[in-house]
Amino acid sequence: MVASAFLPELWTEILIPVCAVVGIVFSLFQWFIVSRVKVSGDQGASSSSGGAKNGYDDYLIEEEEGVNDQSVVAKCAEIQTAISEGATSFLFTEYQYVGVFMVFFAAIIFVFLGSVEGFSTESKPCTYDSTKTCKPALATAAFSTIAFILGAVTSVLSGFLGMKIATYANARTTLEARKGVGKAFIVAFRSGAVMGFLLAASGLLVLYITINVFKIYYGDDWEGLFEAITGYGLGGSSMALFGRVGGGIYTKAADVGADLVGKIERNIPEDDPRNPAVIADNVGDNVGDIAGMGSDLFGSYAEASCAALVVASISSFGINHDFTAMCYPLLISSMGILVCLITTLFATDFFEIKAVKEIEPALKNQLIISTAIMTVGIAVVSWVGLPSSFTIFNFGTQKVVQNWQLFLCVCVGLWAGLIIGFVTEYYTSNAYSPVQDVADSCRTGAATNVIFGLALGYKSVIIPIFAIAISIFVSFSFAAMYGVAVAALGMLSTIATGLAIDAYGPISDNAGGIAEMAGMSHRIRERTDALDAAGNTTAAIGKGFAIGSAALVSLALFGAFVSRAGVHTVDVLTPKVIIGLLVGAMLPYWFSAMTMKSVGSAALKMVEEVRRQFNTIPGLMEGTAKPDYATCVKISTDASIKEMIPPGCLVMLTPLIVGFFFGVETLSGVLAGSLVSGVQIAISASNTGGAWDNAKKYIEAGVSEHAKSLGPKGSEPHKAAVIGDTIGDPLKDTSGPSLNILIKLMAVESLVFAPFFATHGGILFKYL
């Protein structure tokens, strides 16, 4: 008899929901502090935190310069409302389409999984232990469908609430920037923390409640219980796909249109209120970078948890019904919330930012501090939550594993995430030579800029791939596929901090846009630009995390799928598998082509509309007439809703078609192929786009002598940098981040439908 965990079951049942509730309460507390900054005429601007230290007694720049404070506040409030309404209206339209898909796909799950046993309601022998009886396939079908809907709804809510928080905070960040860069930073960061903690805690809480409710029916049949739970990950990721693709097309169509006509043709600054696409551009930051990223990381978290739970249910944890050890993935996430809570206080309360140069180190320290404390946290969880020795299912055999080995599996994922984050920063921050070289190449025009940028993106793949490869080798050697799944969870354990840093970027970007549109002084715009430049790099780090964790999650799900479908070995030399590999490796290119073309065609319409308004509205360039913002918002909305459907269908239908017609071996090849090529393209696309963006900002800021020699705004090198940035926009914000969803989603969908494919799949090979 294998020993059970040190932590009693009752404590586990209390600890997990308590940690989740603590996370939710902390996020509400942060939101309350942000809400004390007033965006109304009755009170200029309150503070971002208590006491004179944080600003109640500060004089405002406007008061010193004798500018009417009230009119600026009113203007900020008006712009904030326009951005918030645009974002809300787009998401509601998107969710109507997604809702129809959700109902349709839920029906497919129920019918396909129910047909495995011919819709029988009788108990069946268990898949992995035929001496025991398990609940009927119809029950798995029904509960998988419920889990799918729960995951989808939680994912949609994560994205929507994130967007609401960001649009609530953007003008408040602008107003606080009048007091100093530190005050603005704290508001933007607190607002990001609201989203990070709300998402991490609600994802954990919903999953925990779902497991306990399903347990009432399943009883001792943990194999069936956790197989049904995989629907939760599928729901989360399928919504994230549409959120990422739809939001990405929206934001980049507006951004490209605004930049090409505004900066290059009309030579007006970024976010100038005369530019008709400026509101659509700021709306796009919220629906793409915030709502899309929120759903994406929620999907990763849900899938990593599901992959670990499925493997654990057929290991000694599940066989011996050791609930504490079974909940090890959830205990890691619970510890992660507490660790991130402490880490956040370092940025908001323990240290105060006084100068621009302190912003980026403060954000990087968040990653280092959370990783260091989390290492200790994982050691504690592994000691109290796991037996000293146990067995893990490893493709038909049980592998004996020690608790310290599982601790190392989680740590290797956690630290690989940090390495990927810092390598991404090195290649995308304008503080280092790679981006400065790209900026320098703008001297000879846009063509050399594009060549340098592409080379940088390809080169930036090398170290992250080695980090992922080493973490896979170590974690698989120690604990088979369960090790890979918990390594992915290790990478995602500090998700609350990661999301806070990530959401901070678009909030700062919006704050700069509002400052420009409200006609605030150039000193305030400089402060918001400094916040935004740091946010750009941290957004690239966030994407690096998302892609790295997606690779590990996808592999863990792949392992669970192969086990569930009864495939003992995936032999690359058999024609069934090799054709799958080739097609799978092609899919990320097909998907990227669809999303890039969508951005291009939507941007084309946007450019034509912006040109039309500049040419036909008298007094627009002089600033005496107002542009028609609503038409540009409509162009972005219509294009993104229409264009998100084909790439979404490609990803969702491929596993179903391949599994049904060609069988599980070919599908294994497709999953492996898409994982291998998708990760490479995703990293290079994200980093290329990020480098081009920051090369442009490097020239615009003109901080160093080198940057000054390339500037100022409007110079030929600057125009070349803007073209590079425009090409990079769809790479870094549409295709790149969506690819990590492609590789995860196809794997989790294959796992959910594995019983159906194992029973009815491969009809072409059966009859050929």
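Along the chain as shown, residues are numbered 1 onward.
A Cβ is built for glycine as well, from the same backbone N, Cα and C atoms used for every other residue.
Just so you know, TrEMBL annotations never went through curation; they're auto-generated.
Database features (TrEMBL):
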type	residues	note
TRANSMEM	14-34	transmembrane segment
TRANSMEM	97-116	transmembrane segment
TRANSMEM	136-163	transmembrane segment
TRANSMEM	184-211	transmembrane segment
TRANSMEM	326-347	transmembrane segment
TRANSMEM	367-386	transmembrane segment
TRANSMEM	406-427	transmembrane segment
TRANSMEM	461-489	transmembrane segment
TRANSMEM	545-567	transmembrane segment
TRANSMEM	573-591	transmembrane segment
TRANSMEM	741-765	transmembrane segment
Discussion item. If we skip the immediate neighbours and take only residues 6+ beyond the ends of the transmembrane segment (461-489), which ones have a Cβ under 8 Å from one of its Cβ atoms?
Written reply: 300-301, 304-305, 307-308, 311-312, 315, 328-329, 332-333, 392-395, 399, 401, 405-406, 408-410, 412-413, 416, 419-420, 423-424, 544, 547-549, 551-553, 555-556, 559-560, 563, 679-680, 683-684, 687
Worksheet item: So which of 97-116, 184-211, 326-347, 367-386, 545-567 is most in touch with the transmembrane segment (406-427), counting Cβ pairs under 8 Å?
Response: 367-386
Worksheet, complete the sentence: With the cut-off at Cβ under 8 Å and a gap of six or more residues from its ends, the chain residues touching the transmembrane segment (184-211) are 16-17, 19-24, 26-28, 30-31, 33-34, 37, 48-49, 54, 147, 150, 154, 157-158, 161-162, 165-166, 168-169, 172-174, 176-177, 225-226, 229, 232, 236, 290, 294, 297-298, 301-302, 305, 309, 330, 333-334, 336-337, 340-341, 344, 347-348, 353, 359, 362, 495-504, 507-508, 511, 527-528, 531, 535
Worksheet item: How about the transmembrane segment (545-567) and the transmembrane segment (741-765): do they have 3 or more C-beta pairs under 8 A, pairs 6 or more apart in sequence?
Response: yes
Worksheet item: Taking the transmembrane segment (14-34) as reference, which of 136-163, 326-347, 367-386, 573-591, 741-765 has the most Cβ pairs under 8 angstroms?
Response: 326-347
Response to the item:
Comparing 367-386, 573-591, 741-765 for Cβ pairs under 8 Å with the transmembrane segment (136-163), the winner is 741-765
